[in-house]
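*Asks:* Positions annotated as NAD(+) binding site by TrEMBL: Asp263, Ser264, Ser265, Gly313, Ile314, Gly315. Per TrEMBL, the feature K(+) binding site maps to Gly315, Gly317, Cys320. Positions annotated as domain 'CBS' by TrEMBL: 105-165, 169-227.
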Amino acid sequence: MAYIFEEPSHTFDEYLLVPGYTGPDCIPANVTLQTPVVRYNKKAGEKCPLTMNIPMTSAVMQAVSDDKLAVALAKEGGISFIFGSQTIENQAAMVARVKAYKAGFVSSDTNIRPEQTLGELVEAIEKTGHSTVAVTEDGTANGKLVGIITERDFRIGHCEMSEKVSAYMTPLSSLVMGKEGITLDEANDLIWEKKVNQLPVVDKDGKLLYLVFRKDAASHEEHPLELLDSQKRYIVGAGINTRDYMDRVPALLEAGVDVMTLDSSEGFTEWQRRALQDIHSKWPNAKIGAGNVVDADGFNFLAEAGADFVKIGIGGGSICITREQKGIGRGQATATIEVAKARDAYYEKTGIYIPICSDGGIVYDHHVTLALAMGADFVMLGRYFARFDESPTNKLIVNGNYVKEYWGEGSNRARNWQRYDLGGKKGMAFEEGVDSYVPYAGSLHDNVTLTTSKIIHAMCNCGVTNIPDLQKNAKITLVSAASLREGGAHDVIVKNTVKAN
Ligand code: RVP
């Protein structure tokens, strides 16, 4: 007879945290959200080789994780997994761009030649939205620098638009410049000392390398949790599949990727075991997560196969219709709880700690705290990040509201059938994801700051100052449908609706 789980499976919405004793040292300033990302021999006293400063990763999805979002999230202390449903070259180029990005050093993307007109300049500024323009001999981002022109140097309506840029720019002779190799701190000092708003950095031939802006020079002070590798480059992840990994993995490693994950709606498969084995034997230092699974059997299988972390979740994603289409899945909270128990048992038996990631189905910020309390080491979010300025999609107006587009990797739009066909032939006839809009929500920084602040405050209510203690000591209660209603504003006429996130 089939194995039947007699208990219904639950979602995060059906649980709440019950406070624990909050001692005098249990204050937000003392809370750390640092968390392990990959397996390590904890019992032997090893240190985890890759940790994050906040327990949040962005989903392996076209509508979510490109290089821009990856930089924004690494600044906050988390990791993006750049989507794999694209050519190996494109994906590796995105990883390389993240690794090349130097905090505070900006490659100029609005450039002009001195003999071009103010009209052309205004056009360029409108296109990029950047008001400081490098004037180079050949009009390229790395051409020989001849001046800088900003919107403040000429007055629209008072200047002839046919006049030349060279008549209005600050010429080279009056510019304060930095030499190749200058550090951000030195650039920052120069900007303050010379009272300038930007500092072009040039090589020995006078060719433009970067611009450092006054506002960005302080960037690393504003981002104390930024996640950097040993060479001070941002940490970045990437999604891979079970087909082309022998080509994709070396390209990503070459581009500098720090961690990868097999990206599949269902990971309890021979394909994933083989991929993990092949990759680890060819590139022993490559860090590879695997999944997704929803029970102890799935976790143990991937743990034995060598997964560096295991992702949990089938059918819980906001754009996911796998449960409707195939009847496969499990409530995300139940899946997380069971896999966490299996992870702890595996640790007891082997001394190896394998981090687990609760992937999909996070709707409210407190769901992140619940997932951690249930044993997850970090979460993966799609819808959440898709709403921000930094996600790869356009901001649109629909019915008078700003929205961004968000589509599943199993939707026709993503045309990523490989991911869903268990390693078999291409072209399944049904979709497992939808194409949708999500409400636009502003900048990643503002939202992540708010979310982590809620997690930190909830942890203080639980009487803990770090994630391992939350996992050990949290008290969690199931709630009834009636008490859910009690949890929101009720039986009053609300004046201004406060929307929970
Ligand atoms: P959510 O954060 O709820 O939007 O869920 C994102 C997760 O949904 C992804 O990390 C992935 O596991 C899953 N996903 C992505 N595409 C699809 C699909 O098309 N069914 N599902």
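Positions of Cβ are set from backbone N, Cα and C atoms, glycine also.
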*Asks:* Between Asp263 (NAD(+) binding site) and Gly317 (K(+) binding site), what C-alpha distance do you get in Å?
*Replies:* 14
*Asks:* Hey, for the K(+) site built from Gly315, Gly317, Cys320, who else sits with CB inside 8 A of the CB center?
*Replies:* Ser265, Gly313, Ile314, Gly316, Ser318, Ile319, Ile321, Thr322, Arg323, Gly329, Gly360, Gly361, Gly408, Glu432, Gly433
*Asks:* Within 8 Å of the Cβ centroid of the NAD(+) site residues Asp263, Ser264, Ser265, Gly313, Ile314, Gly315, which other residues of the same chain have their Cβ?
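*Replies:* Those within range, site residues removed, are Glu266, Gly267, Gly291, Asn292, Lys311, Gly317, Cys320, Thr322, Asp359, Gly360.
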*Asks:* Could you tell me which of these binding-site residues, Ser264, Ser265, has the fewest other Cβ atoms within 10 Å of its Cβ?
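*Replies:* Across Ser264, Ser265, these binding-site residues, the one with fewest Cβ atoms within 10 Å is Ser265.
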*Asks:* Mind running the binding-site residues Asp263, Ser264, Ile314, Gly315 against ligand 1 and keeping the ones whose CB falls under 6 Å of it?
*Replies:* none
*Asks:* Please compare the binding-site residues Gly315, Gly317 by how many other CB atoms fall within 10 Å of each one's CB, and tell me which has the fewest.
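*Replies:* So among Gly315, Gly317, the binding-site residues given, the one with the fewest Cβ atoms within 10 Å is Gly315.
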*Asks:* Report the mean pLDDT of the predicted model across the domain 'CBS' (169-227), rounded to a whole number.
*Replies:* 88
*Asks:* Cβ atoms within 10 Å, counted per site: which of Ile314, Cys320 has the most, among these binding-site residues?
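*Replies:* Answer returned by the neighbour count: Ile314.
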*Asks:* Please classify the secondary structure at Cys320 (K(+) binding site) using three-state DSSP.
*Replies:* strand
*Asks:* For Cys320 (K(+) binding site), find which of the binding-site residues Ser264, Gly313, Ile314 come within 10 Å, Cα to Cα.
*Replies:* Ile314
*Asks:* Restricting to the chain of Gly313 (NAD(+) binding site) and a gap of 6 or more, list residues whose Cβ falls under 8 Å of its Cβ, or answer none.
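*Replies:* Listed in sequence order, they are Gly291, Asn292, Val294, Gln332, Ala335, Thr336, Ser358, Asp359, Gly360, Gly361, Met380.
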*Asks:* When the domain 'CBS' (169-227) is classified with DSSP, how many of its residues are helical, how many are strand and how many are coil?
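*Replies:* The composition, in the requested order, is 21 helix, 16 strand, 22 coil.
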*Asks:* Tally of helix, strand and coil residues over the domain 'CBS' (105-165) according to DSSP?
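*Replies:* The counts are 15 helix, 20 strand, 26 coil.
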*Asks:* Return only the integer: C-alpha distance in Å from Ser264 (NAD(+) binding site) to Gly317 (K(+) binding site).
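*Replies:* It is 13 Å, counting Cα to Cα.
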